[in-house]
Amino acid sequence: MFIFDLKQIMEGTPVQREGATTSSKPKVLWSSAKKAKRQKTDHFSGAEKENANAAYRNMTTQLDVLNEDEVVQVEANLHGDFDSIKLPRWLRKRREMLVPPELTQAVMAPREYRILRPIARPPPPNFPERQVGSVLVDYPRRVSSVSRALYQADTPTKDDFYVNVLASHPSQSIVACATLQDVVLYRATGARRTTSTISIADKLTSSSSYISSLAWTSPTQLAIGTSDAIVHLYDVSRAATCVQSIEGAHTDRISSMAWSASRCVLSTGSRDSTLAHHDVRLRQPTLPTRSHGHDQEVCGLAYAGNGTTLASGGNDNVVNLWDLKQAHQPMHRLMEHCAAVKALAWCPWETSLLATGGGTADKSIKLWNSHTGMLLQSKTTHAQVSALVWSNPASGNKFKELLSAHGFQPPAMTLWSYPSMQKIRSFTTRSGRIIRCMTDIGM
């Protein structure tokens, strides 16, 4: 027989009989429905607890922590201090879902993509390049195309492609220009311009004779070559006095001359296809060594900066390179042109670089290595090349450029960039073709 207490009955716990053995846990009687409900509740709570424990154990793998470099980058973007916090992945995913990626990228854009306050571009300086910190700023090259006539001669020059009737003084602002029987000296001293005339009519053998070439042999001496195959040396400091005449070296007109300051040798090229060399310090200046390397007229001569290598161009489309120590035969024969070669120019900053220009049938500028005789580059132009002039660093021009003068077809002159040989600008003249072109440092 059982006796039940009312409180215990309400709680569902049976009353023990007096005298029964006391245990640590009282026995509880459950109905089948309550027991099933309890088991179901324990099953779900156990699964949640297991998931929570697993999430806690894997917390380090679920967190995305910023490293030091990323923190510095974020601080730089936000312009302030930034404290990195550990955010779980589910929270970051939720934030990405709430905020579109485009809006986040626009708000948190890097510094280089932000819209900054506009700054006016500074005006270009007087020089073409400027160093600002570690950034090199290039400004476009400006080349003037305005020409100015310095002197108009009363009589014309010999209109012949093969003559060389213009010579620039080696150290002063003096240019010598020859007409048929006179030589005009144009001097520029500051803002003052003066001219003087040297007449050699009394030195010519006939009225049909004319001046065919000019070359300075010293600061006060000018060599004048004529169609009579004679070279006259004039001292321009003493009222243009003829101090010496060189005859017998050639049998036809002297169309080209070149001076070697280091050897004190004047080289002459003639229509008789030979080259002669003269030491003007001697009473009999003509040296016995002759150079035979052309089949037709020698119309171009130019010494390299070392004063020992001579380049000669002829009407036979050949350019020869000579060494004065072995002047009887050329070191190299450059035979890539297909017309007469008159224009010759040695590069002032690269002594082994030679530029040559061809005539009407060729119309090309070629660059050579004088040490090996190798053709480096060829550029086709629009007309015959009558003269070539390199830019001179001694005149303050730091650009590496080449100026070419042309005949007949305009434009008369073209400025090229070296080494790309891209055309910078073209120039026109008032009238006529250009026979000869020179540069002067002092002007």
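Even glycines carry a Cβ here, placed using N, Cα and C.
The region 'Disordered' annotation in TrEMBL falls on one of the ranges 15-45, 263-293, namely 15-45. In the predicted model, the domain 'CDC20/Fizzy WD40' (158-437) shows an average pLDDT of 93. DSSP assignment over the repeat 'WD' (291-332) gives 0 helix, 20 strand, 22 coil.
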